[in-house]
Amino acid sequence: MYNGNKLSPVLKGVLVAGFLFLYLPIVSLIVYSFNASKLVTVWGGFSTRWYVSLFHNEQILSAVGLSIRIALASATAAVVLGTVAGFVLARFKRFRGSTLFAGMMTAPMVMPEVITGLSMLLLFISMQQLFGQPSERGFFTIWVGHTTLCMAYVAVVVRSRLIEIDKTLEDAAMDLGARPLKIFFVITLPLISQAIASGFLLSITLSLDDLVTTAFLSGPGSTTLPQVIFSKVRLGLNPEINALATITVLIVGIMVVAANYLMLNAQRNREKAIAAAMRENENAQAGPPSSAVSSASA
Amino acid sequence: MMEAVAAAAPVQTGVQAHNTPYLQISGIFKKFGDNVAVDHVDLDIRQHEIFALLGSSGCGKSTLLRMLAGMERPTSGRIVLDGQDITHLAPYDRPINMMFQSYALFPHMSVEQNIAFGLKQDKLPKGEIESRVAEMLDLVQMRKYAHRKPYQLSGGQQQRVALARSLAKRPKLLLLDEPLGALDKKLRQQTQLELVNTLEKVGVTCIMVTHDQEEAMTMATRIGIMSEGQLLQVGTPGEIYDYPNCRFTAEFIGETNLLTGMVSVDEPDHVEIDVPELEGRIWIDHGITGPKGMQVWTSIRPEDVRLDRKPPATPGVNSARGTVVEIAYLGSYSVYHVRLPSGKVIKSMVPSSRWYEAGEEAPTWDETVYVSWRPDLPVVMTR
Ligand SMILES: Nc1ncnc2c1ncn2[C@@H]1O[C@H](COP(=O)(O)OP(=O)(O)OP(=O)(O)O)[C@@H](O)[C@H]1O
Ligand SMILES: [Mg+2]
């Protein structure tokens, strides 16, 4: 693999130190989640009691449930809206205000979340005063906030993928008799499906750990997981949180590994198929192609 | 290989010799902003014809083709195909299919699915689709590869799949944009004949675009020369080569010597043109349509220019003296570049056997020679 420059010992040391700095806290967090002692910094023997108590903690369980529901709902909405926006950005000729549109699409990514959250809160409050809706802050308002944030990311990912794809594929489909809407679903969508999938996963992670926007948009009965963790940690370190964090790390780890595996597998299959095709081509060239001709014309 | 296909195929030659053209393009004009891409093109295409549009880069060939396919809307003009006005028909409603330069095969579909795509849009019954796909796979000899994905195919194979896909719907008109442009030179020459054979076997009417004049000459029954959005000349390969009607065509198709002059004698049976670059006259043994005193251009092909050591019988008429400045030896013949006293360089293509038969040494650099030509060979052009 490392054919060429070997890392000098100094560089290696720096690398190790860097990784330790990043991952040691996480490792210690995992280790201490199995700590029998209630004190987070003193090892009191191995135990799974914090996991047991975690699964009996109604507050945490409902927060997990809410966070997952919000993440799924906003990732879904973000994928639909973000794909449409990305399509417009990539495929439509320049129209009046297209630069403004592109700028506004990506603004939520760079806008400080405090501003986005606050302005949305103000919007919802004045809407409530004017139309009486939304009657309270909770699932709906958080969902709107997260969707706004996530769709910007989806739009960017989808747009860059669409720009890569040869537009003549769509022309060819139209030439062969497919109408625009059909072309989108049968040709374009399959080709950008990976971008959409990664946009979806990205949206889920963005939504799952968002704290700032959520803080502005959540109401009394709707506390998301990051909010619970944050408020608990403020009251002092708690081994239950360690257990919760460990489970989160585990789930995220599994997701990342699975995604990597799927992608690598697809690539390996592709390479295998290409190799097989090359071999067959060589064989075909070695033998005279006339047999194929005579069988075809017979 | 070619013989096998040709023998098995009942070549449909002019089964219906209609007088009305199959495809009528009249006054087609296209502007992109202020930029004129296609400038009032009129063109009639006969059924079963293989027509090649030839021209340099950016002259509007693709734009014209895309207007026929419906992908681009003409600013003005009319297109009538087989009696139907299709000018404003959407691409998906036209009985026309196109083969793209990049092939545009759908990467997520197999060869078979690619070919079936157009048939599925027509909602044909399943059995019909299957049999037509099989027929197309046989036509382009790709049956073995039916389940491959496009990225598993070589360039030539992809080209054949693209052809099969564009023929599957049995279009009334097939459009080919640089059909062999993505292949390397050697494969291209081999594929030219294969492609023509397939097209003739199917009997489809075609318009192809190319900027390779050899390709156009080999494949097409007629050629249209385009420049800056205008269709300058239409004719068979022979007509275009032997009788170019303008300077652009003369220089674009093959090599030629172009001489600028003024008509000095204009008789019904002969014409004389004063050419300052020759310091003499060109004498042509037939009349032309142009008055005395008119500026004209004369094209003389290098193979029509004779090279001699001895001065010609009529000095100053259809001949000139010069020195050899360059010799390109090309096997069976050589091309001599002869510089005249005026500085003009005349190219002469001389068969290698010429000197051997005359019992002479071939002329070398800096030798004084005479170039001359027969009075029936120069072509006079007024634009
Ligand atoms: N969509 C477009 N918008 C603006 N101008 C265009 C567009 N398409 C083509 N043109 C212009 O129209 C002219 C003709 O282009 P076209 O693609 O038809 O050339 P071509 O003959 O096919 O050239 P090539 O051999 O390089 O493919 C060019 O000047 C080009 O810049
Ligand atoms: Mg082109």
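Each Cβ is built from the backbone N, Cα and C atoms, and glycine gets one as well.
Now, the feature entries from TrEMBL:
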- A:12-34: transmembrane segment (TRANSMEM)
- A:60-89: transmembrane segment (TRANSMEM)
- A:64-263: domain 'ABC transmembrane type-1' (DOMAIN)
- A:101-127: transmembrane segment (TRANSMEM)
- A:139-162: transmembrane segment (TRANSMEM)
- A:183-208: transmembrane segment (TRANSMEM)
- A:241-262: transmembrane segment (TRANSMEM)
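Counted as Cβ pairs under 8 Å, contacts with the transmembrane segment (A:241-262) are highest for A:12-34 among A:12-34, A:60-89, A:139-162. Listed by sequence, the residues of this chain that lie at least six past the ends of the transmembrane segment (A:60-89) yet keep a Cβ under 8 A from its Cβ atoms are 54, 98, 101-102, 105, 139, 142-143, 146-147, 149-159, 161-162, 184, 188, 192, 196, 199-201, 203-204, 207-208, 222-228, 240, 244. If you look at the transmembrane segment (A:139-162), the same-chain residues 6 or more away from its ends with a CB under 8 A from one of its CBs are 66, 69-71, 73-75, 77-79, 81-83, 85-87, 89-91, 105-109, 113, 116-117, 120, 124, 188, 191-192, 194-196, 198-200, 202-203, 206-207, 210, 213-214, 216-219, 222, 224.
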